[in-house]
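*Asks:* If you scroll down you'll find the structure; I have some questions about it.
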Amino acid sequence: MANSGLQLLGYFLALGGWVGIIASTALPQWKQSSYAGDAIITAVGLYEGLWMSCASQSTGQVQCKLYDSLLALDGHIQSARALMVVAVLLGFVAMVLSVVGMKCTRVGDSNPTAKGRVAISGGALFLLAGLCTLTAVSWYATLVTQEFFNPSTPVNARYEFGPALFVGWASAGLAILGGSFLCCTCPEPERANSIPQPYRSGPSTAAREPVVKLSTSVKGPLGV
């Protein structure tokens, strides 16, 4: 029962992390224009993501444009794209395996050991999905930080962390935590000869052969 509860907790945590990974991948606010220094002179907020760039007017109107060329993109954007897409695919496969392998489902009840291994495989894939997301988000954030503190970067061209990065960090943490819980629910190994054998006692003293006593008395010549 304890393992079943831990599996459910891990599954819902990892599932929430996977949904967050999808949201982080789709959001265009991976970095946003900084309002430090003289950059506040403009009333337009700029956002850039993995798939598009957006401009937000002070009136609330937002205009987005998809990137025209794949090859013209920077290497870190292409790498982040690949890692996030791989994380989404791994999370989908992990979700299916976890549902099949959890004890609360009826699939594969005839083989509990194999069922537990399937659940562990799902947890491992959730871990990989979280690590891919963590790598992509942290790498992107590092480059944004380097550009921000680069003296050659104009003040009005500097960017800060966007909401998508924080969503990605939180989602990666949930996926890693949930996957760890699923991996901790290891199936108990089957014990050979688990059926107790009946106890056999040795032969009782009552079944032993009777001991014949020989008379050692000596009679005289007259039989007295």
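In case you wondered, yes, glycine gets a Cβ from its N, Cα and C as well.
Features from Swiss-Prot:
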type: TOPO_DOM; residues: 1-7; note: topological domain 'Cytoplasmic'
type: TRANSMEM; residues: 8-28; note: transmembrane segment
type: TOPO_DOM; residues: 29-81; note: topological domain 'Extracellular'
type: DISULFID; residues: Cys54-Cys64; note: disulfide bond
type: TRANSMEM; residues: 82-102; note: transmembrane segment
type: TOPO_DOM; residues: 103-117; note: topological domain 'Cytoplasmic'
type: TRANSMEM; residues: 118-138; note: transmembrane segment
type: TOPO_DOM; residues: 139-160; note: topological domain 'Extracellular'
type: TRANSMEM; residues: 161-181; note: transmembrane segment
type: TOPO_DOM; residues: 182-224; note: topological domain 'Cytoplasmic'
*Asks:* Give, as a single whole number between 0 and 100, the mean pLDDT over the topological domain 'Extracellular' (139-160).
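*Replies:* Mean model confidence (pLDDT) across the topological domain 'Extracellular' (139-160) is 87.
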*Asks:* Counting other Cβ atoms within 10 Å of each Cβ, which of the disulfide-bonded residues Cys54, Cys64 scores lowest?
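*Replies:* Counting other Cβ atoms within 10 Å of each of the disulfide-bonded residues Cys54, Cys64 gives the minimum at Cys64.
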*Asks:* To the transmembrane segment (82-102), which of 8-28, 118-138, 161-181 is linked by the most Cβ pairs under 8 Å?
*Replies:* 118-138
